[in-house]
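Starting off with a structure, shown below.
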Amino acid sequence: MNGLQPPRPDLADEANHGDGFVRTYKAWKGSNVFVLGGRFIFGPDVRSLFFTIFLIVAPVAVFCVFVARKLMDDFPHHLGISIMAVVVALTLSDITLLLLASGRDPGIIPRNLHPPEPEGYEGMTEVRPGQTPPLRLPRTKDVIVNGISVKIKYCDTCMLYRPPRCSHCSICNNCVDRFDHHCPWVGQCIGLRNYRFFFMFVFSTTLLCLYVHGFCWVYIRRIMNGEEATIWKAMTKTPASIVLIIYTFISVWFVGGLTVFHLYLISTNQSTYENFRYRYDRHENPYNKGVIRNFLEVFCTSIPTSKINLRAKVPKEPKIAPRTVSGGFNSPSNGKTIGDIEMGRKPVWDEALGDISDYEGQHSVDYSDKDSRLPDVSPDLSRILPPDNTEGRGVMHHPRRSSWGRNSERWEISPEILPLSRIGESKRMNGKSNGESTNQNQQFEMRLSTVK
């Protein structure tokens, strides 16, 4: 008794859940990519994130080696070190903001297991997951936002009416609250819960480009003053600075323009999607609270809690049972179909013999020739001969639909396939010649081999 120890809580929890439960991220129906057991969620184009990091780190590394290191010697001690420290700090903060925008839930709205019931639907018809109810749901509904009527749409994929400012991302295959856009450079949707980090990433990248661009010109100017050379001669002395100047000049137009555009969106409380789709400058924006309150809403409010728990355990979805083709051999002991086409199994005749014998006598066959009846054939042969074209198909036991009965109507059992003793008797009765008897024996052997 002293050796017994209470079970660990985590192991007991696993035992209680059993195999019927999985983590939410494993049963996820979207196109997202998960890291560290669902603790980080990315878009399906997460590989572009590594390319974005390379575009940031590579020029900064060139700047530190060929420009900042030289400037540390030209400036006083503390000022020279600060040039290197600032660029490193800007780079680290830039990458951190990039990861915060890319690796978190952007504001995904959980999917419904069943579509909502439309008005007038009394639930008389069973609705399975993923199916649309018999009464068609209205595509849009009107809701009031700040005294202005706003239409919300029904999402067939998520089976819900999207909240205001929510849209379905076709890349991630999720409905995202306050959907702004899907950024291929970040590899994630930009929405309610990561828009703040996305803007700060773009803004810090702009600052980093301006910083590198400016100190490259400072280094060229130091060369001009130190060697009393022209600007062109000084530029030839530091080709790395020329490459960085061109690179940052092109980049700042992109990230700088994006920063200015999003400053305008924040000041008017719009998203990129709303700006291109609804054009609030042509009519009243129901979400505009004024410039100051709009900025405070984006930067000074708490980030809403995620509506999805990717680490939680949810029941496994039931697997769709394979269809059973009617008419298979059913074993009375276990009720399993022997000839199941859906399972890819062929009929097992040895297992079916017991079932067929139970139904002997129910299938009577009447032939025009009284002497050529099926019971005259060997009983063993009559048991093992399968009907034509029945491999892979089940045979029903019902007398009226029996394959044995149906095929017996097609088979013309003539004296030619009877045993030799019956053929001899038929020969004496019909007065056939010995040559005809020999021919009949050969045909019987050929037919018998074909049937086997």
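A Cβ is built for glycine as well, from the same backbone N, Cα and C atoms used for every other residue.
Curation does not apply to TrEMBL; its annotations are automatic.
Below are the features listed in TrEMBL for this protein:
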- 49-68: transmembrane segment (TRANSMEM)
- 80-101: transmembrane segment (TRANSMEM)
- 151-277: domain 'Palmitoyltransferase DHHC' (DOMAIN)
- 197-220: transmembrane segment (TRANSMEM)
- 240-266: transmembrane segment (TRANSMEM)
- 321-341: region 'Disordered' (REGION)
- 327-336: compositional bias 'Polar residues' (COMPBIAS)
- 361-374: compositional bias 'Basic and acidic residues' (COMPBIAS)
- 361-406: region 'Disordered' (REGION)
- 421-452: region 'Disordered' (REGION)
- 431-444: compositional bias 'Polar residues' (COMPBIAS)
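What's the neighbourhood like for these features in this structure?
Residues 42, 83-84, 87-88, 91, 94-95, 98, 102, 185-187, 205, 208, 212, 215-216, 219, 238, 240-241, 243-244, 247-248 of the same chain sit 6 or more residues outside the transmembrane segment (49-68) yet have a Cβ under 8 Å from a Cβ within it.
Residues 49, 52-53, 56-57, 60, 63-64, 68-69, 71-74, 183, 186, 188, 190, 194, 197-198, 200-201, 204-205, 207-208, 211-212, 215 of the same chain, all 6+ positions outside the transmembrane segment (80-101), place their C-beta atoms under 8 angstroms from a C-beta of that stretch.
Residues 56, 59-60, 63, 67-68, 70-71, 83, 86-87, 90-91, 93-94, 97-98, 100-101, 104, 180, 183, 186, 190, 231, 234-235, 238, 241, 244-245, 248-249, 251-252, 255-256, 258-259, 262, 266, 298 of the same chain, all 6+ positions outside the transmembrane segment (197-220), place their C-beta atoms under 8 angstroms from a C-beta of that stretch.
Long-range contacts of the transmembrane segment (240-266) within its own chain (CB-CB distance under 8 A, at least 6 residues past either end) are made by residues 59, 62-63, 65-67, 199, 202-203, 205-206, 209-210, 212-213, 216-217, 219-220, 272, 275, 294-295, 298.
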Helix, strand, coil: count each for the residues of the domain 'Palmitoyltransferase DHHC' (151-277), based on DSSP.
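Here the numbers are 76 helix, 19 strand, 32 coil.
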I'd like to know the mean pLDDT over the domain 'Palmitoyltransferase DHHC' (151-277).
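Average per-residue pLDDT within the domain 'Palmitoyltransferase DHHC' (151-277): 93.
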